[in-house]
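Asker: Before I ask anything, here is the structure I am working with.
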């Protein structure tokens with residue numbers, strides 16, 4: 001049955017949908033995830049050595065107190081530039097197609113990583129870090145591709161795998177940065193004999209991350225299929241054709257055709273879930289994207305990202321702070337081991353169970369339930385601190401608190417996949433899908449850029465001025481969690497098909 005035939009019979013029974021779940025297009029899913037995998041690797045590979053790199057540029061003038069300030073500029077530049085460019089990438093993908101935009105990203109990212117590793121002064125570091133964020137801005141386009149190569153029976157399974165990509169990349173990135181930095185001093189018998197690695201001690205980890213990004217570009221250039229129909233794309237060759245005729249057979253033949261034989265849903269499948277304009281040849285203006293249901297969804301997405309990123313910043317900060325100042329006094333090795341183990345558990349849980357949970361309970365129900373776990377995670381910070389002070393260190397009770405805290409974070413993680421799906425569900429027109437994902441990614445990237453500094457500053461102020469016993473930061477984030485929960489009440493209801501299927 002072709003995509004066209006499926007449109008004519010777009011009301012299959014619930015039983016059919018449950019039994020005849022469309023197989024995932026494995027190759028195309030792999031390519032989309034390979035592009036997504038490059039983002040966390042390139043974003044986190046610099047973390048183990050960025051402070052030392054900043055010191056060696058000479059920008060601090062030997063003042064150690066300025067290291068954190070300048071390192072913060074380098075790190076935050078990534079998310080700032082991503083925020084400023086991610087919407088433009090999504091908009092371009094609606095005009096030119098998904099594949100060309102996705103190819104530019106990893107290629108530019110690999111070059112920016114090489115430039116970062118070759119830098120010897122501070123401001124080139126900032127420039128190339130900004131370029132990394134800019135070329136990572138097309139991450140929202142890969143989410144549009146996932147929506148267009150799946151249908152209502154398997155889209156949850158595809159999005160359930162996205163946390164695994166971030167967890168894996170966020171684990172591998174710092175590992176590469178820590179192991180491969182300063183290779184001349186680490187392996188003097190090999191790299192130590194090459195003067196280049198003495199002058200550029202951080203080039204090797206950057207080159208390794210660049211290789212991952214370039215691999216995603218190379219594989220995508222060969223095997224990725226375009227998911228936006230030719231009739232919906234602007235044909236650049238029409239700008240210089242004298243006759244203006246751009247209708248060729250090869251240009252009007254979809255690259256994704258038979259959904260049954262290829263186990264890959266065509267764009268026609270997405271048309272059933274996302275409204276289409278009366279005239280399919282007419283592209284709606286960008287202003288049509290910002291209908292109330294979509295704006296409310298994206299606003300909720302931004303609130304989720306802000307609180308979640310704040311909690312993510314508080315965890316290593318609280319765990320590493322001395323016990324007498326309200327922390328747990330852990331060393332970096334313990335913190336890294338705990339967070340690494342959590343990343344593996346989180347990715348495994350999402351990959352195994354998230355798809356079936358979404359099909360059974362629906363995206364809205366999962367989101368509204370999951371955000372309540374913020375109360376547990378945030379509330380356990382002062383509990384763990386009090387227990388550590390009473391015991392004078394980390395005992396079995398403190399370990400239990402940490403375990404419950406991270407298990408709660410695992411149960412909260414499906415909120416992200418649910419929100420990604422709600423963005424797609426509430427996109428008012430399929431021709432604006434790339435812009436929709438770009439707008440959502442822009443809001444979340446902006447929230448992630450601001451949240452760590454906000455949370456860290458609140459924590460410091462609470463301790464320095466002993467506000468509410470040093471726990472004011474937790475009360476504030478409890479209040480923000482209430483706002484997130486209240487905002488979720490305004491989220492639009494899921495499409496009738498999903499609502500029925502989830503009952």
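Glycine is no exception: its Cβ is also placed from the backbone N, Cα and C atoms.
What TrEMBL records for 28-496 is domain 'Major facilitator superfamily (MFS) profile'. The annotation transmembrane segment is assigned in TrEMBL to 27-49, 69-89, 101-126, 202-224, 289-315, 335-358, 370-388, 394-412, 467-487.
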Asker: Tell me whether the transmembrane segment (335-358) sits in contact with the transmembrane segment (394-412), defined here as at least 3 Cβ pairs under 8 Å among residues 6 or more apart in sequence.
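Answerer: Taking Cβ pairs at least 6 residues apart, the transmembrane segment (394-412) and the transmembrane segment (335-358) are in contact, with 3 or more under 8 Å.
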Asker: For the transmembrane segment (289-315), give me same-chain residues lying six or more residues beyond its boundaries with a C-beta closer than 8 angstroms to one of its C-beta atoms, as numbers and ranges.
Answerer: 335, 339, 371, 374, 377-378, 381, 409, 412, 415-416, 419, 422-423, 426-429, 432, 435-436, 439-440, 443-444, 446-448, 450-452, 454-456, 459, 473, 477, 480-481, 483-484, 487-488, 490-492
Asker: Between 0 and 100, where does the mean pLDDT of the domain 'Major facilitator superfamily (MFS) profile' (28-496) sit?
Answerer: 80
